[in-house]
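First comes the structure, then the notes that go with it.
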Amino acid sequence: QLNGQSGEETQLEMDKFPFVSLAKTYNTNAQVPDSAGTATAYLCGVKANEGTVGVSAAAVRSQCNTTEGNEVTSILRWAKDAGKSVGIVTTTRVNHATPSAAYAHSVDRDWYSDNEMPAEALQDGCRDIARQLFENIPNIDVIMGGGRKYMFPKNQSDEEYPGMAKHSGTRKDGRNLVQEWIDRMKDKKGHYVWNKKQLLSLNPNNVNYLLGLFEPGDMVYDLERNSETDPSLTDMVDVAIKILRKNPSGFYLLVEGGRIDHGHHEGKAKQ
């Protein structure tokens with residue numbers, strides 16, 4: 001349009017795909033669905049209630065005691081079980097609705113850490129989504145996105161934003177999930193990074209496992225991103241593929257440009 005054309009003369013990358021498929025992703029209790037129920041539909045193949053991830057429609061949102069027995073597994077789990085390498089790359093929090101459907105079973109998409117859960121759910125034994133990321137499917141090979149604060153003890157200062165309370169850790173259980181991951185992976189060529197420089201200084205040939213958490217919450221809109229400190233989605237995907245492709249059995253990688261959705265919600269076309 002800036003060149004005086006209508007814009008429809010140009011082909012988008014997705015217009016060049018050799019095949020196209022259609023999927024209906026309604027929720028069982030909502031015609032206009034949300035990202036949790038829809039991610040469960042396309043990652044697990046099961047229609048679900050709005051606001052629930054990795055569980056069937058027999059599970060009721062926010063009711064912890066409806067979780068057990070209603071868990072459904074995802075393509076990421078199937079790929080791992082088949083001996084493939086697996087990864088998640090998103091520009092949202094790694095425990096946000098879309099990525100979490102790949103590994104979590106939660107009756108509430110908002111249970112990012114135990115801090116966001118009602119006491120009753122914790123008493124009934126439900127686990128927050130951040131914990132499930134590290135506990136449900138052992139050894140997810142690549143995890144990259146935002147969501148740092150949900151991995152650290154409550155009020156622990158963030159490395160990138162020291163002294164900024166809103167970016168501090170949220171976990172009431174006092175666990176440091178990042179340190180636990182580092183300890184578990186130290187003999188397995190596992191690397192934790194939290195900025196672009198650390199990410200791009202890695203030699204993917206020497207990395208078997210990668211945890212990259214680049215913001216306390218969602219990553220910054222690409223147009224507002226600090227290109228010195230924060231990797232782009234392309235940067236992340238590039239490194240992810242170089243690590244995952246070493247597996248002769250192949251790999252499964254979930255990639256989400258997750259802030260596109262937020263731009264729509266906020267009516268910010270340019271974002």
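Along the chain as shown, residues are numbered 1 onward.
Just so it is clear, glycine is given a Cβ too, placed from its N, Cα and C backbone atoms.
Since the structure is predicted, the reported quantities are computational estimates derived from the model, not experimental observations.
The active site, phosphoserine intermediate annotation in TrEMBL covers Ser35. Using a 10 Å radius centred on the Cβ of Ser35 (active site, phosphoserine intermediate) and all shown protein chains, the other Cβ atoms total 22.
Its own atom aside, the Cβ of Glu256 (Mg(2+) binding site) has 22 Cβ atoms within 10 angstroms in the protein chains shown. Per TrEMBL, the feature Mg(2+) binding site maps to His96, Thr98, Glu256.
In this chain, none of the residues that are 6 or more apart from His265 (Zn(2+) binding site) has a CB less than 8 Å from its CB. Among the features that TrEMBL reports, Zn(2+) binding site is placed at Asp261, His265.
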Residues other than His96, Thr98, Glu256 within 8 Å, Cβ to Cβ centroid, of the Mg(2+) site?
Ser35, Ala39, Thr90, Thr92, Arg93, Ala97, Pro99, Ser100, Gly145, Gly258
Long-range Cβ environment of His96 (Mg(2+) binding site), under 8 Å and at least 6 residues apart:
Ser35, Thr90, Arg109, Gly145, Gly147, Asp218, Gly258
Quick one: give me the count of other CB atoms within 10 A of the CB of Thr98 (Mg(2+) binding site).
22
